[in-house]
Amino acid sequence: MPELSRTAYADLFGPTTGDRVRLADTDLFVEIEEDRSGGPGRSGDEAVFGGGKVLRESMGQGRTTRAQGAPDTVITGALIIDHWGIVKADIGIRDGRITGIGKAGNPDTMDGVHPDLVIGPETEIVAGNGKIVTAGGIDTHVHFIAPGAVDEALASGVTTLIGGGTGPAEGSKATTVTPGAWHLAWMFAALESSPVNIGFLGKGSTMSKESMRDQLRAGVLGFKIHEDWGATPAVISACLDVCEESGVQLAVHSDTLNEAGFVGDTFDAVAGRTLHAFHVEGAGGGHAPDMITAVSLPNMLPASTNPTRPHTVNTVEEHLDMLMVCHHLNPAVPEDLAFAESRIRPSTIAAEDILHDMGAISIMSSDAQAMGRIGEVILRTWQTAHVMKRRRGFLPGDTRADNLRARRYVAKYTINPAVAQGIEHEVGSVETGKLADLVLWDPRFFGAKPQLVIKGGQIAYAQMGDANASIPTPQPVLPRPMYGALGTAPATNSVNFVSEQAVEDGLPERLGLGRAFVPIRSTRGRTKADMRQNDALPRVEVAADSFAVTIDGELVEPAPVTELPLAQRYFLF
């Protein structure tokens, strides 16, 4: 029987089991662990679309109708990178959800076709052969300041935005809070036509539990406590009381100035309850200089914001100006300048790199337009992974490729933020039953520029050439909105995540909007152990005088890098 070389097979059908794929211009490689769509011993029946190819009537395409269960769309032969593994498979989508991961085709002519991946005449095909698929990104730290941030997020592969704001008001420029029923109602309406899932954080900086309960009924999915509104131990404890009774999450930006207490006082106020610790390194805010010690506690779900990722020769300098703008400070006021300088510490930024690689910091987010870049969550995650690969070599368990590291880092912006906010039953991974929020990448552009962004089964964003050209590819090829981002389509492909109390109180009926309101699942009792691939609890200590950081007794030596992948090679500006 004639055989194909691995090179020829990869050219025709994409890489298969045992092949390695380089991720863009990084030093990271992934090795395919399993090929569910074909590969060695199963070649010959791969689902491939095109002239003279397999997916034609009575060949790879059968007669199964949509009413009989055929999927609406099949992504063929894609390399899935997810927290659970690195596998190649066909992916079926039906009614906006993932229905099958395996082998697609026509069981009348092919062996091993997954029963939920039977291709019929009503099935669309997306060619994933030679491409990578990841789950849509989830950003849990979004300031809703400029509407254009939604486009930037989508163009980068982020499909779920959680945070707060009402536009460029001072409160929103500094804090991720949408305060009160009136603001929440019109912000839900404003984002109705945006093809992203939305979740708003309410103001937890209050001793009024009744106000917090009102905000829950008005549609918040959780609360945010921020030092600019007040982050005292009493406020934290009161808000967590409401979180415990309602099941929602509390995200905290703690007291940088240590005015109302030190980091230990905040930990005492939390009292072992689950908490989502924002920008835990501290440059984005939080007890100076030792907020980073929160990574040692099992009840803390720690996150980074992306401007400190990874530590480069430019990181410290750019942060001072960012701080002045974001927190309404005046560089001519000595106290304001001291406030800013206390937050920017090379030692803790350097430690943040290592803690990510150890799996001790579980989540990556943006802090969009408030000391963070919404379009760089994914990019900076993989830049950090690259820097750590160069510095620390393979992770234990990795030898020929970086599968464990890839699974660890992809989890930071997909499944782990979903778990932290109680939405992992709907989004956060490439698994059956979940919303088909999927990102298709050319491996050469992985982490930088998605080829397609699929939102609830609909193509919402894509790299697309001149619309007046004779084919889709002539320059300028740019990330552009597609039909899934137009008209009323976003109301069918995206959801609003809210508290269960909001749904029970009739919020969807009161607002009368088109998209579904989906209640979160309880976040209470969740711990670091629930953070996929990122559950490490090292002992971290920070010297009060020098800010020197030790991790499990080992001193961290700052080594800012001068060059990164996924940078000027991919972007003019």
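Glycine too: its Cβ is placed from the backbone N, Cα and C atoms.
Among the features that Swiss-Prot reports, domain 'Urease' is placed at 136-573, with the record citing sequence analysis.
Around H253 (Ni(2+) 2 binding site), the C-beta neighbours below 8 angstroms that are at least 6 residues distant in the chain are T175, K224, I225, H226, E227, D228, A231, F278, H279, G284, G285, G286. Annotation source Swiss-Prot lists Ni(2+) 2 binding site at K224, H253, H279, citing sequence analysis.
The feature substrate binding site is assigned by Swiss-Prot to H226.
Feature annotation from Swiss-Prot assigns active site, proton donor to H327; the stated evidence is sequence analysis.
Shown are the binding-site residues K224, H226, H279; of these, the residue with the fewest other Cβ atoms within 10 Å is H226. Taken residue by residue with DSSP, K224 (Ni(2+) 2 binding site) is part of a strand. Residues H141, T175, T176, I225, H226, A251, V252, S254, F278, G284, G285, G286, D367 surround the recorded Ni(2+) 2 site, their Cβ atoms falling within 8 Å of the Cβ centroid of K224, H253, H279, which are themselves excluded. In the predicted structure, the domain 'Urease' (136-573) carries a mean pLDDT of 96. In the three-state DSSP assignment, the secondary structure recorded for H279 (Ni(2+) 2 binding site) is coil.
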